[in-house]
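For reference, the structure is listed below as structure tokens.
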Amino acid sequence: MDLVSMGFLKVLLVAVYALDPYFSHAETAPNYSFVHESTTAPPVSYHDYIVVGGGTAGCPLAATLSETANVLVLERGGSPYRNPGKTDKGNFLLTLLDPSPDSYAQIFITEDGVYNHLARVLGGGTVINAGFYSHAETEFVKESGLDEALVNDAYQWVENKVVFKAPLLQWQTAVRDGLLEAGVLPYNGFTNEHINGTKIGSTIFDMNDHRHSAADLLEYADPKNIIVYLHATVTKILFTTQTVGSRPRAIGVIYEDAMGEKHTAYLTNDSKSEIIVSAGAIGSSKLLMLSGIGPRSQLEPLGIKVVIDQPMVGQGMADNTLNGVFIPSPNPVELSLLSTVGISLLVNYIEAGSGLNLAPSFGWISKFLLSILD
């Protein structure tokens, strides 16, 4: 993927964390007629676009493409609308740390012992994250070669559906005052722009503390031109070459349903047809490597046929560093997630939440946290 494409996906990723400041658009779960379990999928199908990963980037991208083309979305997780209350603000940590097989978040540990999570649900990371919404840095947009006017239009497109002005109650007010006292200046008031200092931002939690996610953006889709399969795990991208020595071209994907049955989805013969891999930084790299695009030195020892020797696929990955402080309270504390943030000149975020549910009855949470702290 080139830098411009990566930049566009990053802008989408940043943009899809939002909600309209004045009213809620989706108090009830949408009843999408085009979302189905992958067990109902035909053995073979043909589409103008195949989107692998119905997450933060995949959902809005698929909705836009469906205006003029036939689109297939393959999501390895389930629907966030099956149990909408599960992702409410008060259940943030419970959902994020849920180790059950049908959890929206898949917990994993890196080879060097770092705990992390992968989203496993339609809507992707916007279903499990802390829900803070912010625009990308202006410099990033310029350096990525993106059209600033189109980027701003995209922000508005997202904000009209899933962004709200974050509430500033007692706890977040105290956080704001503390940041200013500590010298995280200037105070920028309410803004969605990424600028240094202390600011009040937006959130994807509405006034009733219900989460909205990228999956809500599928309401923009043309139901006649799109189909979404859940629990559809793509295992391989299929390639072909037109002539000997020509560059391989992606022509389809193989995916498995919840019962382990294999299905094949092919692209149509339209010259603009594409397979769009939007399965996250880790999932996208993994799929490319399983399909034969990656470092030859790593693929061949695993018996994977090399389609394109691309040494940088899957390399140089790093997550944001995080230092967290947990302060237990013997008394109930006001519920809040991120409203106030401090952004330093070193591009560090300082943020705080309160009153989140860590009930002692959920013993697995205590064990999980202890394993991290150990």
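Our numbering is plain: 1 for the first residue shown, then up by one each step along the chain.
Just so it is clear, glycine is given a Cβ too, placed from its N, Cα and C backbone atoms.
Annotated in TrEMBL:
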SIGNAL    1-18  signal peptide
DOMAIN    280-294  domain 'Glucose-methanol-choline oxidoreductase N-terminal'
Mean of pLDDT values spanning the domain 'Glucose-methanol-choline oxidoreductase N-terminal' (280-294): 96
Residues of the domain 'Glucose-methanol-choline oxidoreductase N-terminal' (280-294) by DSSP state, where helix covers H, G and I: 11 helix, 2 strand, 2 coil
